[in-house]
Structure formats: C-alpha cells, structure tokens
C-alpha cells in the first residue's frame, strides 16, 4: 500500500470513527450555535433578562479612572467601594446590636431577591402564574417563624408583659405552620398542566433560596445575641480574607486555583489565609478589652430593658500561657479566633466557589450590579452565610454553657404560681444538699 493510499485510508477512518480522539483543546472548545443543546440555548436566552456585570460606575469616578488600563481601572473601582463598604460596616457596629440585626434582615432580603430574580426570568418567559408572589410570601412566612423564635427566646419577658402579644407567643409555631400551609395550597392551585415540571422546579428553587439565606441570617442573629464579638470577628475575617486574597492574587498570582473561578490563584489563597490569621488575632485582642463587644445581649429585669452588661467570662479575661518555656499573657478567645480564621481561610472561600458555579450554570457574571466593581449583594455575602453557620455550631459545641441570666429570663415568663412552685422545689433541693441553711 502506497503512502498516498495509507493517508487517504487514515483520513477516511477518522471521518467514519464514531468516537474521534479527544484532545485537551477539543474538550474545552466553545460550541457553535448548531452544537448547543436546547437547554443551553434556553439558559442563554434567560440570561439576557438578568441584571449582571459590574460596569455601572458613578460618573465622577468613571472620569477619574478613564485613562487607566482595564486591569488597574477595575482595581481602583473595586478598592474605592471596598473602603466605602468597610466604613459603612464600622458605622453599623457603632449603631449597636439593633442596627446589626436590621442590616442583617435587609441583606437577607436583597440576597433572596437576587437569587429569585434568576428564577423569575424563567417565570416571565413561560408565563407561569404566581411564582414571584409565592416566593415573597414564603420569605415572609420563614422570617415570621425564625425571627419569632428569636423574639420568644430573648424577649419573652417583655412580650409576656403585653397581654395582646401573649396569643402570638403561645401559638407562634402553629401560626407559622398555618401560614406555610396557605402558601402550599396556593402553589398547588396555581399549577398549570403544561408546566408541571417547571413549576415544581421553581418551588424547589424558592425553598433552596430560603435555606441558603433565611436560615443563615437566623443563625447570624443568634450569634449577635451571644455577644457582638461573635459577629464582628467572623464577618471581618471573611472581609479580610476576600480583600487580601484579591491583593495577593492581583500582584503575585500565577497558579490557577480552581476552574470554577479562573481568576483565583494559589498565591492569593495562601496569602489571604496568612493575613486572615494575623488579622483575626489582632481584632480579637482589641475587642476582648471592651464589655460592649463581649457581653451577651440579655434582658435586665432591674432596668426593664435589654442590656449589654456583664462580668466578662473566662474567655475574655487575660490568662497566662506557658509556650516554649516563655510565659505569654493573652485572651483565651484569641485561641478560638485561630479556629475561626482557619475556617474562614480554608473552607469559607468555597462558599464563593459554590456561587461561581451557580453563576456559570446560568451564564451570568454577577448576581446583580448594585455595587460597582463587586456585583450584587449576594456576590459579597456568599462566604458570610457559610461562616455564620460554622460560628453558630462552634459556639454550641465548644463555648456555650448554662447561663443563669438566660434561665432567669425563662423563669420570668412563667406564671406567678409556677414561679413559686419552682422556688419551693429549688429551695427544698438546696436544703437537702446542705447548700442552703435557713436556720
């Protein structure tokens, strides 16, 4: 067989082969319009209805950075709005626990809106009935349940003094479930034969969004009540890790970290981690010195209001440690901050990677365009929700102990005859153990 015949035969075999050899280049090629699956074309069509991108910049700032290269232009814009957000966070902390809680609620609502907007694009294309109204109704119902639980736990004494609120406290869970049942029936009645699969998919979409956003904000509230330090330090760690990973990656990044986020590098990941550990220790040392940050938020019966006053616990009092033969004085909380900083540096970024995968699935750059250089609110808080869950679990597992203040708050919610019964039982128990001697 001549060389020409062999070449022609080889070409024919390649054309006829059902599974031609796949190279790394061919496996990553961009599909043409003809090659795209119907689902891919549909997602691209849906993405056109979504707000995305971070190109919205105030005119003055746009004029200032107009002469810079694209890379440095984005760096300056991102830096300016990062400083604005950090300053705003400081003002909210100055406003106290109530300001933090209100901010958490507002962020939760905005994040939910950004996630649901993607699903709402499906609704508008197909004309599915009631999707948006149902989503917001379920958000309202979930917040009524979770925030009601917090109010009952931490403000039960105050609420029980108001006769017109006692009904809501006593039947809170029944009322919450009844509200959910109304939404459930509403959804079933809205089903359209032609779109059953799509509607059930969006029903699941709404509940996953509630799981990601509402339950996490509920845990954030609980962390705040344990003491503002359990909110400020973890949130600041995530901010520090995000900023420093970006800085290290911008100036030194060369090695890609993960395909979901092509701009993330190992240099940024490692540099951000070390910076977060150092920042966490410094921030913890500073906040541990002030009762305002370390005391739990509890109801004070004498003052008849919620107060941030206490004798700081062991965690927030300086202790001596023998390290390598040297005596070092530090706050025990600083050791716990190491665990928090390691989690925020190693596991926290995966919240961002998860969000990146979600955005890639729907071919969008950002969840929104509210913050120039950053995207939407969800783009900035994707790691915070995962961190909030970890802090809550960490407190429950390693920190929380029985608190007389919290037990008394529950006792104050009892009826007078129940309080008297508890007093007599406790008195009898203490006398039996010879702890209390009234003779």
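Backbone N, Cα and C define each Cβ position, glycine as well.
TrEMBL labels come from automatic prediction, so no person has curated them.
Look at TrEMBL and you will find 1-12 tagged as compositional bias 'Basic and acidic residues'.
The compositional bias 'Polar residues' feature in TrEMBL is assigned to 13-25.
For 1-38, the entry in TrEMBL reads region 'Disordered'.
Residues or ranges marked as transmembrane segment by TrEMBL: 75-94 (among others). Sequence-distant contacts of the transmembrane segment (75-94) (same chain, six or more residues past either end, CB-CB distance under 8 Å): 54, 57, 61, 64-65, 68, 100, 103, 228, 232, 235, 239, 243, 246, 250, 371-374, 380.
Per TrEMBL, transmembrane segment is recorded for 130-147 (among others).
Under the heading transmembrane segment, TrEMBL lists 171-190 (among others).
The annotation transmembrane segment is assigned in TrEMBL to 202-221 (among others). Within its own chain, the transmembrane segment (202-221) has Cβ neighbours under 8 Å at 101, 104-105, 107-108, 111-112, 115-116, 119, 122-123, 128, 131, 134-135, 138-139, 142-143, 146-147, 149-150, 187, 231, 384-386, 388-389, 391-392, counting only residues six or more beyond its boundaries.
Summarising the annotation, TrEMBL assigns transmembrane segment to 227-253 (among others).
TrEMBL lists 265-287 (among others) with the feature transmembrane segment.
Sequence-distant contacts of the transmembrane segment (333-355) (same chain, six or more residues past either end, CB-CB distance under 8 Å): 229, 233-234, 237-238, 241-242, 245, 258, 260-261, 264, 269, 272-273, 276-277, 279-281, 283-285, 288, 294, 315-316, 367, 378-379, 382-387, 390-391, 394, 398-399. According to TrEMBL, the transmembrane segment annotation covers 333-355 (among others).
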Sort out the residues at least 6 away from either end of the transmembrane segment (227-253), same chain, that have Cβ-Cβ distances under 8 Å to it, and list them.
75, 78, 82, 86, 89, 93, 97, 100, 220, 263-273, 275-276, 279-280, 283-284, 287-288, 292-297, 308, 316, 333, 337, 340-341, 344-345, 348-349, 352, 383-384, 387-388, 390-391, 395
